[in-house]
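Residues or ranges marked as domain 'RNase H type-1' by Swiss-Prot on the basis of sequence analysis: 1-141. Marked as Mg(2+) 2 binding site by Swiss-Prot: Asp9, Asp133. According to Swiss-Prot, the Mg(2+) 1 binding site annotation covers Asp9, Glu47, Asp69, on the basis of sequence analysis.
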Amino acid sequence: MKHVDIYTDGACSGNPGPGGWGAVLRYGDVEKEMSGGEAETTNNRMELLAAISALNALRQPCEVDLHTDSKYVMDGISKWIHGWKRNGWKTGDRKPVKNGELWQALDAARDRHNVTWHWVKGHAGHPENERADELARKGMEPFKRAHRADAVK
């Protein structure tokens with residue numbers, strides 16, 4: 001099974017507001033960069049989308065080390081998701097899980113691979129995490145410009 005390192009990040013201008021996600025995928029000495037964004041979103045949604053998009057970009061099952069600076073993603077995937085699934089994607093107090101459709105998509109994407117999750121401190125000089133952050137900001141930029149243009153009208 002191929003081994004892939006993935007570094008993800010999300011960014012948002014306002015929360016909610018225009019947002020973007022970025023991911024760096026590395027297999028040996030081959031590197032792929034991805035980014036995207038949405039006009040009206042949250043930072044947490046962008047963090048989730050970065051991980052989902054990166055895992056879905058892998059064409060075959062892989063051994064994956066996925067690095068994120070999001071405690072929300074780390075806690076959700078390692079602590080909370082088991083209870084949510086058991087409760088039909090409801091929280092302990094029977095409310096629908098926030099961003100439930102994205103958590104379900106991440107769960108499905110993860111199930112195709114053998115993923116080990118790693119938390120990295122954001123904005124601490126980790127080169128791949130910094131690059132994922134740059135890609136997230138790049139993914140957000142077109143939506144940020146449109147948001148500013150709408151504000152001037």
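Note that Cβ sites are derived from N, Cα and C of the backbone, with glycine treated the same way.
The Cβ of Asp69 (Mg(2+) 1 binding site) lies under 8 Å from the Cβ of Asp9, Trp119, Val120, Lys121, Gly122, His123, Asn129, each on the same chain and at least six residues away in sequence.
Of all the binding-site residues listed here (Asp9, Glu47, Asp133), the one with the fewest other CB atoms within 10 A of its own CB is Asp133. When the domain 'RNase H type-1' (1-141) is classified with DSSP, helix, strand and coil residues number 58 helix, 47 strand, 36 coil. Spacing of Glu47 (Mg(2+) 1 binding site) relative to Asp133 (Mg(2+) 2 binding site) is 10 Å (Cα to Cα, whole number). Annotated Mg(2+) 1 site Asp9, Glu47, Asp69; additional same-chain residues within 8 Å of its Cβ mean position, judged by their own Cβ, are Thr8, Gly10, Met46, Ala50, Thr68, Ser70, Val73, Gly122, Asn129, Ala132, Asp133, Ala136. Per-residue pLDDT, averaged across the domain 'RNase H type-1' (1-141), gives 97.
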